[in-house]
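Copied from Swiss-Prot, the annotated features are:
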type	residues	note
BINDING	105, 109, 115	Zn(2+) binding site
């Protein structure tokens, strides 16, 4: 299975642009898309996943599970559109831009990037900015 995008909410999202972002990150980081599922959900689903798999009883913006074996990038990530919406307001950015950033962030996690320390967070944020600029330039967003 290649890249699949699932939107479990009633909110409309630009699935083609999100798929383009995921494929760009994976390709530019030296990977090949294997089986990747990107699931866009609400707080209820992501909180349950966070609790069941990570023992954190709260909603978060994204949770990524990488299953890379061999040459192809495989995994799944969940993004809460509810958290994206509240974070966009908090950071003073458009919903679409925050959604794109977190999608890129999740794809970077699939490629092995980590954000456990301040230094790693800064490095990851720089990669996010790079890909955001590339995608915005290509799609005129």
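Cβ coordinates are placed from backbone N, Cα and C, and glycine is handled just like the others.
The DSSP secondary structure for residue 105 (Zn(2+) binding site) is helix.
Within 8 A of the CB centroid of the Zn(2+) site residues 105, 109, 115, the other residues of that chain are 62, 64, 106, 108, 113, 114, 124.
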